[in-house]
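A quick write-up on the structure given underneath.
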Amino acid sequence: MKHSSDICIVGAGISGLTCASHLLDSPACRGLSLRIFDMQQEAGGRIRSKMLDGKASIELGAGRYSPQLHPHFQSAMQHYSQKSEVYPFTQLKFKSHVQQKLKRAMNELSPRLKEHGKESFLQFVSRYQGHDSAVGMIRSMGYDALFLPDISAEMAYDIVGKHPEIQSVTDNDANQWFAAETGFAGLIQGIKAKVKAAGARFSLGYRLLSVRTDGDGYLLQLAGDDGWKLEHRTRHLILAIPPSAMAGLNVDFPEAWSGARYGSLPLFKGFLTYGEPWWLDYKLDDQVLIVDNPLRKIYFKGDKYLFFYTDSEMANYWRGCVAEGEDGYLEQIRTHLASALGIVRERIPQPLAHVHKYWAHGVEFCRDSDIDHPSALSHRDSGIIACSDAYTEHCGWMEGGLLSAREASRLLLQRIAA
């Protein structure tokens with residue numbers, strides 16, 4: 001099957017949809033056809049809202065934002081009349097011995113960044129605290145990505161200050177945090193409805209297999225979920241997909257785009273709801289615990305549900321538990337919850353319902369922090385444009401997706417005008 005468009009965007013996450021919105025708002029695109037493809041059956045990308053047990057909205061993907069750190073995202077929420085609620089997990093009320101000393105240790109090490117800030121965070125902390133102490137200190141922050149050799153001490157301080165649970169460690173308590181009252185999927189639906197009303201056509205459930213130049217445009221080969229093959233010709237092309245997806249295409253990524261190196265981290269989120277909110281007996285409502293066991297970060301949302309959130313090795317650990325069977329997975333959660341709370345396992349009931357999500361490439365980022373990286377890329381020969389939060393200083397956040405989309409659409413509008 002063959003069809004064509006003037007403009008094609010591959011990727012219907014927040015970046016791709018925002019690109020479409022910017023383009024359709026411009027007089028330069030008036031009268032031009034626009035087609036959006038995505039491998040998923042629903043738009044949204046890493047925004048994945050879901051109802052848990054028919055009672056509470058949860059986020060299997062992106063789950064929070066800060067107006068101070070993410071002003072463009074806040075503006076989008078307001079523009080599409082999306083209601084926000086306070087994200088309560090911004091303080092560690094219950095701290096381990098190491099966590100009690102964490103803020104002081106980080107403050108004492110901060111002046112050393114000028115001299116050794118380019119070292120890996122583990123190497124940097126080990127230099128002054130010793131290896132064993134450094135490992136314990138970094139583990140107490142709950143984000144195992146901080147152990148990566150690509151994460152410099154300078155980057156680590158920035159990361160810590162931009163995550164709600166541990167922002168106070170670097171004196172960033174003033175940052176407010178919010179979630180969407182009924183899920184960020186509402187924002188996605190709002191943007192999608194706007195671009196659809198403006199004439200964009202969606203083809204969801206199609207995976208991009210390859211792309212090549214074809215005269216003054218591009219020829220895309222795609223495959224549907226049912227194996228149906230599709231050939232699409234377009235004059236202008238934006239790939240609103242992450243680096244891990246770019247690397248699987250025949251577009252010479254990243255060599256012909258930026259020359260930078262990219263990496264990714266797996267993420268795992270598990271949500272559970274119970275007949276009774278048993279954690280209220282321990283005064284844990286709206287509290288987060290960072291623990292030294294495979295659960296890593298445990299969040300107790302009011303009297304509604306609890307969830308845990310892990311990255312790196314522990315994300316893969318939980319994926320393995322799920323693969324071995326649901327009963328074993330739930331028993332592992334129960335065991336580690338009891339250990340974290342210092343209670344016997346029998347005090348923790350079986351959940352009424354649960355849901356989980358493993359993201360093989362949950363966070364993607366540029367591994368070369370010392371280069372001046374554009375927020376959207378253009379292929380040096382073919383001119384294909386690419387956008388992703390991974391190309392911005394807000395990698396892993398929805399804000400980065402919006403910034404990259406803005407730059408990608410600017411590049412294309414500039415090209416159309418010429």
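Every residue, even glycine, has its Cβ placed from backbone N, Cα and C.
For the Mg(2+) site that Swiss-Prot gives as Gly13, Gly16, the extra residue drawn from Ala200, Ala223, Ala240, Ala245 is Ala240.
Of the listed binding-site residues Arg46, Arg64, the Cβ environment within 10 Å is emptiest of other Cβ atoms at Arg64. Counting every protein chain shown, the number of other Cβ atoms lying within 10 Å of the Cβ of Asp38 (FAD binding site) is 25. Same-chain residues with CB within 8 A of the center of the Arg64, His163, Tyr309 CB atoms, the substrate site residues themselves not counted, are Gly63, Phe89, Pro164, Glu165, Lys297.
The closest partner of Leu208 (FAD binding site) among the binding-site residues, by CA position, is Ala240; the full candidate set was Gly13, Gly16, His163, Ala240, Tyr309. A C-beta separation below 8 Å, combined with a sequence spacing of at least six in one chain, links Met398 (FAD binding site) to Ile14, Ile47, Ala62, Tyr65, His70, Phe73, Phe184, Asp389.
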